[in-house]
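Pulled from TrEMBL, these are the features on record:
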- 72-93: transmembrane segment (TRANSMEM)
- 84-434: domain 'PTS EIIC type-1' (DOMAIN)
- 119-140: transmembrane segment (TRANSMEM)
- 193-212: transmembrane segment (TRANSMEM)
- 224-249: transmembrane segment (TRANSMEM)
- 261-280: transmembrane segment (TRANSMEM)
- 292-316: transmembrane segment (TRANSMEM)
- 363-384: transmembrane segment (TRANSMEM)
- 404-425: transmembrane segment (TRANSMEM)
């Protein structure tokens, strides 16, 4: 149904906003209440519940190819974010324990209290696991998304980070020293190199694996299916990955990551300003999900600048929403703005963006400018994150220890500019009736 024909906001205090995306019209209620509303809606509207698969299929039919690609990436990476967040928070804790100069000049907490050294080492081991074995997580999630057996996808991920292979992080030095190990099979010479910290090679392997598995299920007789299909799927996929697909996709992933890093390094604060200005429109369309693979690969390589940009955007949206509380004459809007503004400061922007800022328009414009200014600062000071997480005021735990202060300054700039500019725009005649 066309969203312009849906009139709801004056009739329910539950509704915080609405938007149309990905072929779906969505009403924002809130994570704590939506389940109860859904139960009553199904009961009193006398409708049958649709499965997630049915809803997904209906929405996918209305998407263009770019939207489908973005949704595919989201379907793969969103489920594994909790694992990466857990790992990242532990990395942050380890940074606090081992960073020199954070609590005393030239010393870390471990230097000051040697008795906690083993505890810090243990936490570091726990923290590094998710990124060390990232292909296993991606392999499981991606194969499931492509319609294959996720456990076979996990096995494929295990193969790609096997201890029998040269660690991917040592590949560069091995090439320089001409010591890359190989398999020699007939006329073929295949490099024995792992795929630690990579994303695109695993996505490609998962797609091939799922395709082969489904084809083999249809081809192999039922009495041999359970025996041969898994083995052949793994064997063929692994062979293709190490001979052709993996190398091509590793190079493609490096090009994409290096391209994003080049823009960051070359354009500096100007690039950060532009990125911050367009980040909110990207979020509206879901395009920000397309950055997830790049973000994860950069984190695995040592640090990503994308988290700080997302945080500046979120906090700017929150600041603009809280400023709107002071000027809107709509009591319901005031109520929504308070709760959604606080949520945005903590990293959840949808209620603020769709429920307040886009409706009133000028807070959204102000937030875009606030985000741009804050992003220019965090880009100029090279703030990097070591994990994904809640991109807001508490997100400093995800930041490399040397950039925590600049991160807080950057989001403070975004908050203040978004807030003050919203107040200024609200005094203009064209916005005064909002």
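Quick reminder: no glycine exception, Cβ is built from N, Cα and C everywhere.
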(request) Please indicate, using numbers and ranges, the residues of the same chain that are 6 or more beyond the transmembrane segment (404-425) and have a C-beta under 8 Å from a C-beta there. (result) 276, 308, 311-313, 315-320, 322-324, 326-327, 345, 362-363, 365-367, 369-371, 373-375, 377-378, 381, 383, 392-393, 395-396, 431
(request) Mind checking which residues of the chain, 6+ beyond the ends of the transmembrane segment (72-93), have their Cβ under 8 Å from one of its Cβ atoms? (result) 123-124, 126-131, 137-138, 141-142, 145, 203, 286, 289-290, 292-293, 296, 299, 385-390, 397-399
(message) As a test: from 119-140, 224-249, 261-280, 363-384, pick the stretch that has the greatest number of Cβ pairs under 8 Å with the transmembrane segment (193-212).
(response) 224-249
(request) Give residue numbers and ranges for long-range contacts of the transmembrane segment (224-249): same chain, 6 or more residues beyond its ends, CB-CB under 8 A. (result) 148-149, 152, 155-156, 159-160, 183, 188, 190-191, 195, 198, 200-201, 203-205, 208-209, 212-213, 216-217
(message) At a C-beta cut-off of under 8 Å, are there same-chain residues at least 6 beyond the transmembrane segment (363-384) that contact it? List them, or none.
(response) 264, 268-277, 279-281, 302-305, 308-309, 312-313, 315-317, 319-321, 323-324, 353, 356-357, 399-400, 403, 406-407, 409-419, 421-422, 424-425
(request) Take the domain 'PTS EIIC type-1' (84-434) and average the pLDDT across it for me. (result) 87
